[in-house]
Amino acid sequence: MEELTIDLKDKKYPIYIGYNILRRLIKEYWDKYSSSFLITHPFLREIYKEDLSIPEENVIYVPVGEKSKSFQEVIKISKELAKRMADRRSALFAFGGGVVGDLTGFIASIYMRGIKYIQIPTTLLSQVDSSIGGKTGINIREGKNLIGTFYHPDAVIIDIKTLDTLSEREYKSGIAEVIKYGMIMNYEFFKFLEKNVDSILSKDVDKLLYVIKESLLCKKYVVEKDEKESSLRMILNFGHTFGHAIEAKGGYRRFLHGEAVAIGMLLATYLGYKLGFCNYEVLERLKELLMLFGFKIKSPYRIEDLMEYIKRDKKAYGGKLRLILPREIGRVEIVEDIEEKDIIKILKEGDDYGK
């Protein structure tokens with residue numbers, strides 16, 4: 001087992017990474033609080049019943065899917081916590097993917113004005129991205145994660161054994177976020193991914209441990225430098241401005257998050273290439289790597305139809321869009337002065353990279 005530490009001004013917490021570490025670490029943390037509650041999906045509870053020897057009265061279930069990141073679910077779970085006498089010294093254990101983690105973190109941040117929570121991500125996407133850094137949130141019709149808080153967990157427990165039960169589609173979705181780290185700040189890591197596609201797809205344990213740790217080191221560096229996303233942390237949203245728009249346009253049902261981000265990264269890179277920020281090789285290598293991992297690279301939506309969502313992006317201010325565009329593999333730039341009409345014109349021309 002390896003351990004990293006997120007070290008912030010007002011909070012420090014550990015990230016545990018290993019194989020088959022779940023049972024021991026849950027037992028270690030569960031009794032630290034006045035009462036503990038597991039927030040999870042019914043199917044995960046069933047699969048991990050032996051590892052999670054937790055009484056049913058301490059389990060609260062969440063439906064599968066992005067639709068669960070809603071005010072309705074927040075109220076429902078908060079009422080359950082109140083009925084079960086959760087107090088300010090209680091803790092929530094988020095056992096699931098990004099939906100469970102984002103929802104649980106948000107509830108923990110507002111229930112009784114803040115209680116503790118532990119992240120136990122079970123998808124590759126949540127293990128390398130959403131469980132780290134303290135972002136919580138729920139969706140509304142107008143966009144993804146538009147309601148949320150910055151609220152850090154007490155600990156993050158990453159047991160890569162949980163990836164064994166993921167569907168191939170869910171697993172691949174997480175790989176998009178892994179590729180993102182190579183694109184934004186680690187050229188050597190990007191080359192590693194190019195050379196190890198087959199072993200990563202086959203879930204080779206040693207390769208996976210390396211991929212997850214390297215991804216987390218990238219995110220740790222950025223979060224510690226810019227906790228509240230005032231500047232540097234925005235680079236973690238490479239591909240997400242377009243990706244979130246694609247998710248929202250599809251009603252959060254047609255695309256998984258990573259699938260939408262994969263298309264979003266390619267759209268952003270195509271835009272960067274056409275505007276002279278990066279060369280054609282950057283675009284081609286990203287496209288090739290995404291295709292090797294089995295991602296679709298075309299958006300089914302017209303860029304004009306996505307602009308409604310893009311303009312609500314959380315990085316935007318004063319009506320101005322902020323986009324993260326690549327300079328080269330391993331380096332991106334926050335760009336603020338691109339006109340909406342230019343984005344539409346360029347991406348409409350990109351037959352191979354979006355519609």
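Heads up, the Cβ atoms here are built off N, Cα and C, so glycines get one too.
Worth saying up front: this structure is predicted, and the values here are computed from it rather than measured.
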Residue among GLU177, GLU188, GLU308 sharing the Zn(2+) site, where Swiss-Prot lists HIS240, HIS257 as binders: GLU177
Binding-site annotation, Swiss-Prot, NAD(+): partner of GLY98, VAL99, VAL100, GLY101, ASP102, THR122, THR123, LYS144, THR162, LEU163, ASP164, THR165 in LYS116, LYS135, LYS172: LYS135
Between HIS240 (Zn(2+) binding site) and THR165 (NAD(+) binding site): CA-CA distance (Å): 27
Distance from HIS257 (Zn(2+) binding site) back to GLY98 (NAD(+) binding site), taken between C-alpha atoms, in Å: 9
Site with most surrounding Cβ atoms, counting all protein chains shown within 10 Å, from the binding-site residues THR123, THR165: THR123
Pairwise Cα distance for GLU177 (Zn(2+) binding site)/LEU163 (NAD(+) binding site) [Å, integer]: 15
Where the record names GLY98, VAL99, VAL100, GLY101, ASP102, THR122, THR123, LYS135, LYS144, THR162, LEU163, ASP164, THR165 as binding NAD(+), the maximum Cα to Cα distance in Å: 28
HIS240 (Zn(2+) binding site) in three-state DSSP notation: helix
